[in-house]
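Some notes on the structure that comes next.
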Amino acid sequence: MANLSHPSEFVLLGFSFLGELQLLLHGPFLVLYLLAFMGNAIIVVTVIADTRLHTPMYFFLGNFSLLEILVTMTTVPRMLSDLLAPHKVISFLGCMVQFYFYFSLGSTSFLILSDMALDRFVAICHPLHYGTLMSRAVCARLAGAAWAAPFLAMVPTVLSRAHLNYCHGNVLNHFFCDNVPLLQLSCSDTSLLEFWDFVMSLAFVLSSFLVTLISYGYIVSTVLRMPSASSRQKAFSTCGSHLTLVFIGYSSTIFLYVRPGKAHSVEVNKTVALVTSILTPFLNPFILTFRNETVKVVLRGQMQRLKGLHRAP
């Protein structure tokens, strides 16, 4: 470290407290990561390839699965390699790049979730105007804004981290360049940065959660007024998987990041971040397809088609 105020690299502690036991984590984590990657990739490819899924709901679902792939790619491969490495270091530039993409992609995921809630709101509460209100152009603009806004807003955030005075060493008690461990290494006045982080959380996480909450408030009110039980069951079934994703995503992220200040338990944050980085992306493909008959029918059709091609001479 040539300059204590601006380290050339950071040491990632990761799971070093486990000693040689961390080698045992590599196998299970690698399997979960590969399954998560394949599961979400199958959803993305299926949505693109099958015309039956060329609807707003599956357009946003494909975007969400793509984001799950990209978010995990920013942290998990590095963590897996560090589990086997005696020296777990990341360059200062690499740390800033990882920070930028992790939080940009993560924020985009929540905006896509709110887009999915808006889609269900229009489909259930305003079915006669669904084709107009959720046209391809509207969906493209919603998705484009969800991708562009966080990537633009995160630029000043990452630049502020790059200009902090890191005088408390260069050891990050985490498996990636997370916000709280970085702030804990700085001896600069970070009160303004912490306030900015809180504003960003409000802008992307809590605002999208509020949109989702209001949308489902109207959805529940509309569904309960439906005359037939079968109509109510069908309406709720189309929202079940999305609500599960909303609960898992928002509960963990609000716990981790929507809290001003840096005096948080890093060990607890590390555990929750591990779950959201590996286990949640692994479960999401099952959540998205478990109660979705259309996706299951399409996947079964694709499987039968592949079997037919395999048996053909």
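Quick reminder: no glycine exception, Cβ is built from N, Cα and C everywhere.
What TrEMBL says about this protein:
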TRANSMEM  30-49  transmembrane segment
DOMAIN    39-288  domain 'G-protein coupled receptors family 1 profile'
TRANSMEM  58-79  transmembrane segment
TRANSMEM  99-118  transmembrane segment
TRANSMEM  138-159  transmembrane segment
TRANSMEM  198-219  transmembrane segment
TRANSMEM  240-259  transmembrane segment
TRANSMEM  271-290  transmembrane segment
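Ranked by the number of CB pairs under 8 Å to the transmembrane segment (240-259), the listed stretches 58-79, 99-118, 138-159 are led by 99-118. When Cβ distances are compared across the two stretches, the transmembrane segment (138-159) makes contact with the transmembrane segment (58-79), since 3 or more pairs at least 6 residues apart fall below 8 angstroms. Within the same chain, the transmembrane segment (58-79) stays apart from the transmembrane segment (198-219): fewer than three Cβ pairs sit under 8 Å, each pair at least 6 residues apart.
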